[in-house]
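J.: As listed in TrEMBL for this protein:
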DOMAIN    6-153  domain 'Phosphomannose isomerase type I catalytic'
BINDING   Gln110, His112, Glu137, His276  Zn(2+) binding site
DOMAIN    170-257  domain 'Phosphomannose isomerase type I helical insertion'
ACT_SITE  Arg295  active site
DOMAIN    337-381  domain 'Phosphomannose isomerase type I C-terminal'
Amino acid sequence: MASQRVFPLSCVVQQYAWGKMGSNSEVARLLASSDPRAGISEDKPYAELWMGTHPRGDAKILDNRISQKTLGQWIAENQDCLGSKVKDTFNGKLPFLFKVLSVETALSIQAHPNKELAEKLHLQAPQHYPDANHKPEMAIALTSFQGLCGFRPAEEIVTFLMKVPEFHFLIGDNAATQLKQSLSRDSQTVASALKNCFSHLMKSEKKVVVEQLNLLVKRISQQVAAGNNVEDICGELLLQLHQQYPGDIGCFAIYFLNLLTLKPGEAMFLEANVPHAYLKGDCVECMACSDNTVRAGLTSKFIDVPTLCEMLSYTPSPSKERLFPPTQSQEDPYLSIYDPPVPDFTVMKMQVPGSTTEYKVLVLDSASILLMVQGTVTASTPKAQAAVPLQRGGVLFIGANENVTLKLTVPEDLLIFRACCLL
């Protein structure tokens, strides 16, 4: 466009092994819709679509009036497009990475450090913790999306200790008794007992873990074969995780962590020190720009059990409290805002009925990235010489304080997500 502050992007696909294969993946389907020339290989995983300036996935600008540049290169030369507060707060850089994830195989029991711990870990082990930033994340479901998030209420964990002898064996009698006795005590006592239990599990000898896991898998498999319900011990999920990661300690984490199944539009926010894992489904994700992840199971990557056990927030809560509901905009009936308690990012969801002829995108004092999940429009600004066509899978960069109008070219409902920074 004439101002060269609003333009489409070509984004980077990451083909990690845990991703959904071929056209089963929402990432692949979005890619195929936005660019019919993009051939989708049914035998390849399409795990993530990266929309941002990350060095391993810097988006390319699709505008002939801007010489062949990546978004990161262009922002470095045009920092005012970030918005004055964003530019000053984040040293002239886009503070977030926007993604679509399509998960087929579980992605590691993990947590992300706060800034203080990130700086310390980066100094101690830069090969494993490559930067000094925190990495809060938010996942918003596009399809039914299953994940583990935060510690279950202690009562639920005690129930599993009684129902799953293999789990109890790894925790040990003393730690299990301590947790049971803490139920009638204050929250600090519960947290201390929970930390002791979780640490006992995660520091178990590999040989013992494999033995107990094999016993549990055999027992659940026999129950399933006999037609018995194993839901009370998450039997189906345990078998699924064991099939994906045989003998892995992370399989037992389902008895500690809340199991969430998000419906489309529902979200979970993963602040620092909250244990979590994505299990299956498609989501939009936004995160602070960092690669710092502390892992302890369900992964082939570097595992750092001592750091994880020490850093975690041992605050139990019911699974429904892990949901992160959006707020409805007062000015725009089609706009929902997911605004987490961190400065790095906010995500907006726009659901516009197909009967609308045009939709004005909210003007922000922040650069933003807009993803078309459903619908067909043209995007124009008052200064534009020509409108930009956008369809499902299309991605648009919008500089700070730009007025953008979307005109519907097909009368179908729009579903749009937009990542920005509301300081």
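A Cβ is built for glycine as well, from the same backbone N, Cα and C atoms used for every other residue.
Automated prediction, rather than curation, is the source of TrEMBL annotations.
The structure displayed is predicted, hence computed values, not measured ones.
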J.: With Arg295 (active site) as the reference Cα, tell me which of the binding-site residues Gln110, His112, Glu137, His276 is the closest one.
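T.: Among Gln110, His112, Glu137, His276, Gln110.
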J.: When the pLDDT values for the domain 'Phosphomannose isomerase type I helical insertion' (170-257) are averaged, what is the result?
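T.: The predicted confidence over the domain 'Phosphomannose isomerase type I helical insertion' (170-257), as a mean pLDDT, is 97.
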J.: So around the Zn(2+) site, Gln110, His112, Glu137, His276 aside, which residues have their CB within 8 A of the centroid of those CB atoms?
T.: Ala111, Lys135, Leu270, Val274, Pro275, Thr293
J.: Restricting to the chain of His276 (Zn(2+) binding site) and a gap of 6 or more, list residues whose Cβ falls under 8 Å of its Cβ, or answer none.
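T.: In sequence order, the residues whose Cβ lies under 8 Å from that of His276 (Zn(2+) binding site) (at least 6 apart) are Ile109, Gln110, Ala111, Gly147, Leu148, Cys149, Gly150, Leu257, Met268, Leu270.
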J.: Return the residues near His112 (Zn(2+) binding site), defined as same-chain residues 6+ apart in sequence whose C-beta is under 8 angstroms from its C-beta, sorted by sequence, else 'none'.
T.: His134, Lys135, Pro136, Glu137, Leu270, Ala272, Asn273, Ser290, Asn292, Thr293, Val294
J.: Using a 10 Å cut-off, grab the number of neighbouring Cβ atoms around the Cβ of Gln110 (Zn(2+) binding site), all chains included.
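T.: Result for Gln110 (Zn(2+) binding site): 25 neighbouring Cβ atoms inside 10 Å.
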